[in-house]
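Written below as structure tokens is the structure these notes are about.
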Amino acid sequence: MSVTINIQDLVKKYGDTTVIPELSLEIKQGEFFTLLGPSGCGKTTLLRMIAGFNSIEGGTISFNERVINQVEPGKRNIGMVFQSYAIFPHLTVKGNIAFGLENRKLSKADINAKVEDILKVVQIEQYKDRMPKNLSGGQQQRVALARAIVIRPDVLLMDEPLSNLDAKLRVDMRNAIKDIQREVGITTVYVTHDQEEAMAVSDRIAVMKSGVIQHLGTPQEIYQRPANVFVATFIGRTNIIEAALTGGKDGYSVDFGSGYSEAMTNIQLPGSTDAKKLSVKVSVRPEEFIMTDDHTGMKATIVHSVFLGQNTHYFVDLESGQRIEITQESKTTHILEPGQVVHLKVKTDKINVYDAAGELNYTRGVQL
Amino acid sequence: MRTRKRFDVWTNISFLIFAFYMLFLALPLFTMLFKSVYNGTTGDFSFAYFVKFFSKPYYTNALFNSMKVTVCVTALATIIATPLAYIMATVKIRGNATIRILILISSMSAPFIGAYSWILLLGRNGVITQFVSNTFGFQMPDIYGFTGILVVLTLQMVPLIFMYVSGALKNVDQSLMEAAESMGYKGFGKMRKVLLPLITPTLLAGGLLVFMRALADFGTPMLIGEGFKTVPVLIFNEFISEVGGDDGFAAAISVIVVLFATSVFLLQKFIANRKSFTMSALHPIEAKKKKGMGSIAAHVIIYLYTFIALLPQLYVIYTSFLKSNGRIFVKGFSLQSYQSAFESIGGVITNTFILAIVSLVIIIFLAILIAYVTVRRKNALTNTLDIFTMFPYIVPGSILGIALLITFNDKPLILSGTALIMIISFVIRRLPYTIRSSAAILHQINDGIEEAAISLGASQMKTFFKITLPMMLAGVVSGAILSWITIITELSTSIILYTGKTKTVTVAIYTEVIRGNYGVAAALSTILTVITVVSLLAFLKLSGQKEVSL
């Protein structure tokens, strides 16, 4: 039985340092939910609080309606996949997977049947009698996953499960994890610092920094309308350009300086403030630039280029001296040379405009 | 990240072990301290014993002698062992692995057996002494006294430093040496500027171990020291002597020794902490095949040293098969010595096995629990426990023996003369080996493994027995074998605690040597050596290692 996880005003302290100050969050039943953030942001701490390995200094965690603050980790009915896999090295693959079931007063035949089933799901039937040391990283990962889900947990918790795998295997495994999760339909909380991985597997993502959720939304929402500059820079690559916002209710425009400005149709200021001339930070992702042929837009000088096949990345200097990165679909013609001058415009429907502190997104459509 | 402050079964276990140490280590040491400052007859508080000690040259000389021996042995052992280890690490020596095991074996016998064998070889009527004086008409210098102690103890301690340094050299990356060479350091300069600083922390650690052992050693100065008295001999005499033995005075000397040892220990820790760093080599230094003189010289040095180190044991084994007439060896071979060894004092072998096995079972049990609570359940209590387990490094065996005896000689708990007191002393003194190796392996087991078991619904106890313990087992066993070897070769505590019923092999060898029954002593020594070597080989086989860390 998969559950809804409700977290209310949760506080975590180590001594006098508060790591998580009053965090509230609801994770829906059957959802693949990811906690994403740089190291030290509190994501693993939060996960381990849900698991019961970290104490709770305030607030509550409930599975469905039941508050589980005081419940022992072993009685929370969770399945956990550890960063190190934590495979028991002295037990076979089968022994590892059966370990949790053996605590649950099931008949031998029952246990065997369940183990066989799950071995099929994670596709490691042929290795069932091997010792863990004879398994590859990816296979160990599958054992860890099988061991966690075979007990039919209410919640599946995964702590950076892919960080020990090489790049290619990481992509394969994250697809496998997503497929298996969809198949068994368990509420899943996944911790990672890899934003691409998070986007690939998650139904929803909470981006965390210093124990605070900065943005909670679907991968698309977070990428396209990041709540603040931190989220914009953490998810994918972006350029933050200082600009000025002018106009009022009837129409705003962003002035990038050096004679380039764009009218914006999707700006919404808090209250009804007229932006006479508000200094703002504009987040423009590399692919949100257009090179113009008619010498309109910002003037920029090519510094160097990186050819990556499908796309070519250019590093260019603006007239302000700021260096930014832009991506263009690679053309069959020559790559632009260093020193060459180009003109750039931005895709106004895609860029995000923030207040001067970078805390508030003025662009419409932000889903928090 | 372990912040759960639940009281669980481990808290109770910690308390029980803590109580064990309070009763059998803290209380005896405290009693000793108490006795040293209270007059035995009047019961008044006084420093009279300490005044007595420092006012008579007879006593202060012993202290000075002890320091002289200890410092010289530590320095000499380091000076000899370091180049040996360096040669073994850098030059390909034929029979490298065997040599390492032989050197290890040479360090594992009881030091006093070495002492008595050297007397047979280099003493007044020693084989070599006789040979030299008969052939060259030249009188060898005297082996007794300071020289003898120095030779015997140094030979005994070199393997320890050798093993420490060998271990450290394995962690020195070849590229560090190459980097030094690329910057123009060669030969001696390279060693002094790069290699020596890198192994300094190791030398300090090994040096401390040697220092403590040399300071505590009782058998060697007793046998070969003659007029040259060291503190352990003094304590023994004061405590045991039938006429005018004085517990209080022996306690006072013990207190002085423990204070001295503790200050050396703390000083070493202070220096070592400032010089410590961790190394791990991607490309360890490799032994290279040398040609010509270099290779010959290296081989000669290594083989010669190994021969000298093993000579005492080999000679003892040889004499055990000699025919003897009363106390004198005569021409021809026989098993006579073994016969009388089994006939007259065969019980000691059984005693040794029973005492050692019981002690070992307790050691394994306690060590596993102590390792677990000190590594996995860090708190004030387990930290204190951790410090308690270090004490046997500082407190010499004879002093612990005396402390136990004066504490449990009276109601409410009379243990003196029992097998139990012997077992307690073995457990306290030899626990650290098993704790160390168990803790070391526990450090390598990821925390997540236990959490995984708990998250799957296993109880704490089930997690421990089904997951943690099986994973720890290899480390526990290798430590236990070391504890075992050091128990069966133990002398300094047993000599104080034994009675007729609890006499061990080492005590028997010692008393037979004192009585001049060299044949029987040799037979018993040989039996002990065989047991030791077999255990050691079992250790190497089981642990898959080529070295022992002490």
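From the backbone N, Cα and C atoms, a Cβ is placed for every residue, glycine too.
If you check TrEMBL, you get these features:
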DOMAIN    B:63-268  domain 'ABC transmembrane type-1'
DOMAIN    B:349-539  domain 'ABC transmembrane type-1'
TRANSMEM  B:12-34  transmembrane segment
TRANSMEM  B:67-89  transmembrane segment
TRANSMEM  B:101-123  transmembrane segment
TRANSMEM  B:143-165  transmembrane segment
TRANSMEM  B:194-216  transmembrane segment
TRANSMEM  B:248-267  transmembrane segment
TRANSMEM  B:296-318  transmembrane segment
TRANSMEM  B:353-375  transmembrane segment
TRANSMEM  B:387-406  transmembrane segment
TRANSMEM  B:412-428  transmembrane segment
TRANSMEM  B:471-498  transmembrane segment
TRANSMEM  B:518-540  transmembrane segment
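The recorded stretches the transmembrane segment (B:194-216) and the transmembrane segment (B:353-375) do not share 3+ CB pairs below 8 A when only pairs 6 or more apart in sequence are counted, and are therefore not in contact.
The stretches the transmembrane segment (B:471-498) and the transmembrane segment (B:353-375) meet in space: the count of Cβ pairs below 8 angstroms, excluding pairs fewer than 6 apart in sequence, reaches at least three.
A contact links the transmembrane segment (B:518-540) to the transmembrane segment (B:296-318), because at least 3 Cβ pairs that are 6 or more residues apart lie under 8 A.
Of the Cβ pairs linking the transmembrane segment (B:296-318) with the transmembrane segment (B:412-428) and spaced 6 or more residues apart, fewer than 3 are under 8 Å, so the two regions do not touch.
Only residues 6 or more beyond the boundaries of the transmembrane segment (B:353-375), in the same chain, are considered here, and those with a CB under 8 A from a CB of the stretch are 10, 13-14, 17, 20, 382-383, 385-386, 389, 419, 422-423, 426-427, 430-431, 434-435, 438-439, 442-443, 464, 468-469, 472, 476, 479-480, 483-484, 487-488, 502, 504. Of the ranges B:12-34, B:67-89, B:248-267, B:387-406, the one with the most Cβ pairs under 8 Å to the transmembrane segment (B:412-428) is B:387-406.
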